[in-house]
Amino acid sequence: MQDKPSSIDQISSHNLMWFRSDLRITDNTALSEVCNQSLPVIALYIATPMQWHQHHVAPIQVDLIKRRLAVLTEQLAELSIPLIVLETEDFDSTVEKIEEICLMFNIASVHCNNQYLVNEEQRDQKLAANLKRYQIPLVQYDDDCALAPGSVLNKQGEPFKVFTPYSKAWLKQYKQQTVEPIAMVGNTHKELSQEIEELLAVCGTVQHYDFQYPQVSSLTWPVDDEVILQHLYSFCCDKVGVYHQQRDYPSLEGTSTLSPYLAIGALSVRQCLKAVQQIAPSCLEINKECGGFVWVNELIWREFYHHLMAEYKHLCKGQPFQAYTQYVTWNEDSHYLKAWQQGKTGFPIVDAAMRQLQQTGWMHNRLRMITASFLTKDLLLHWHHGERWFLQHLIDGDFASNNGGWQWAASTGTDAQPYFRVFNPTTQGERFDPEGEFIRKWIPELVDVPNKYIHTPHLWHGDTKGYPAPIVDHKQARLRAIEVFKNAKEINTL
């Protein structure tokens, strides 16, 4: 153990709040705790473009983060907390940079909210060990989930692997604990010294948050607290009552579209739960005919996938939950993959969804299931391809939820879709976009196709303006997928 350099003794002590995926001042556990202590607070955010690239973070999500940081800077300034925004290449250099900041500003303790993925945990463990040499504690809090990963266990004291019993246990525990959002932090009135102000001016804050990363605009997504919260409460007041009836229809605005804010931490799941409980008090009672409960159940799915990622570390490393599926013989046809990515498979509901993703950075949840099933079952392409493509384009990219969704669709995950149940993309389109309204919005080639043929335009004798015929026969592809998974299961038993 070593002491801090004596040169910083002239500077009064401060605590450091390290923001990561929790870009808000309301209901932020670490920020609330650090502000309740006696020392002045300095805040820090570190961008890691190389790490973002390795983790396939979408440029549109980075743009959302940049814009949110501008809001956060102003909010923190009103609390007498300066926000330092730095850029380093990766997590290793992040550790080094935080050490420098701690010594530069005579930091007494570093506070942050937990991240549960493997690389993030290794980074935090390394930082904690390095700071220990200077007697600086790294204080971490559970904040991302309403109920922390590892806190909802079965009767044997083990983590759940199946969603339904997990959700029942989650609901019971949540009601017993009466989880409430933390109030917005008040002004600490802990003024910074002149020496600190001078150091802040030279510490290297990235101007205009101009990170070295590809640029895609996120301007259609507001980032101000007032607008985000208004959106949350408008959804709960106007739409949650019919959520169970409308959520699967992509031509309707039947979902909350709050996922981008949950992904970057501009909004907390506790805030969402509080809002829906105020509008629909019975939402915590199991009832599939209650829109409030059905939406809460979707939030519990998010908690479940984060719980799995924290408890089963091999999921962070690209491995399937179902061990036998490592023997699945995946197709490696790059032409199939390109057609899927570009929305040119000849299956209109799939192609409309993929074009929506490319053009907006978002995709309706029902369509995520349809497109994922199509890639992994009809095309028999490895789910890794889809998982990566979604992360590279989604404004609401969340590693745990994205991985969980892909493994569910590919029948490789825990509590996944059985491999012999394969979505028929044509009947899915007929069911959830019966008039082809969504399809025509995103596929202009099909705007003149009559409703009778909108899901099977290759059967129409009119002009489809170059729209491709189906690249696979669904019936044959379904049988092939079932056979491949069946063979993998047999190999696993040998």
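From the backbone N, Cα and C atoms, a Cβ is placed for every residue, glycine too.
Unlike curated entries, TrEMBL annotations are predicted automatically.
The domain 'Photolyase/cryptochrome alpha/beta' feature in TrEMBL is assigned to 13-146. Per TrEMBL, FAD binding site is recorded for TYR243, 255-259, TRP295, 298-305, 396-398. Here TrEMBL flags TRP330, TRP383, TRP406 as site 'Electron transfer via tryptophanyl radical'.
Positions of TrEMBL features highlighted on the structure.
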| residue | record | Cβ neighbours (10 Å) |
| --- | --- | --- |
| TYR243 | FAD binding site | 23 |
| THR257 | FAD binding site | 15 |
| TRP295 | FAD binding site | 25 |
| ILE300 | FAD binding site | 25 |
| GLU303 | FAD binding site | 23 |
| TRP330 | site 'Electron transfer via tryptophanyl radical' | 16 |
| TRP383 | site 'Electron transfer via tryptophanyl radical' | 25 |
| ASP396 | FAD binding site | 23 |
| TRP406 | site 'Electron transfer via tryptophanyl radical' | 25 |
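The CA atom of GLU303 (FAD binding site) is located 16 Å away from the CA atom of TRP406 (site 'Electron transfer via tryptophanyl radical'). Across the domain 'Photolyase/cryptochrome alpha/beta' (13-146), mean pLDDT in this model comes to 97. Within the set of recorded sites TRP330, TRP383, TRP406, the entry lying nearest in space to THR257 (FAD binding site) is TRP406 (CA atoms).
Here the Cα atom of TYR243 (FAD binding site) is found 23 Å from that of TRP406 (site 'Electron transfer via tryptophanyl radical').
Between the C-alpha atoms of TRP383 (site 'Electron transfer via tryptophanyl radical') and TRP295 (FAD binding site), the distance comes to 26 Å.
Following the DSSP three-state reduction, the secondary structure of THR257 (FAD binding site) is coil. Cα of ILE300 (FAD binding site) to Cα of TRP406 (site 'Electron transfer via tryptophanyl radical'): a span of 17 Å.
Here the CA atom of ASP396 (FAD binding site) lies 28 Å from the CA atom of TRP330 (site 'Electron transfer via tryptophanyl radical'). For the recorded site, TRP330 (site 'Electron transfer via tryptophanyl radical'), the DSSP three-state label reads coil. Across the domain 'Photolyase/cryptochrome alpha/beta' (13-146), DSSP helix (H, G, I), strand (E, B) and coil residues number 61 helix, 29 strand, 44 coil.
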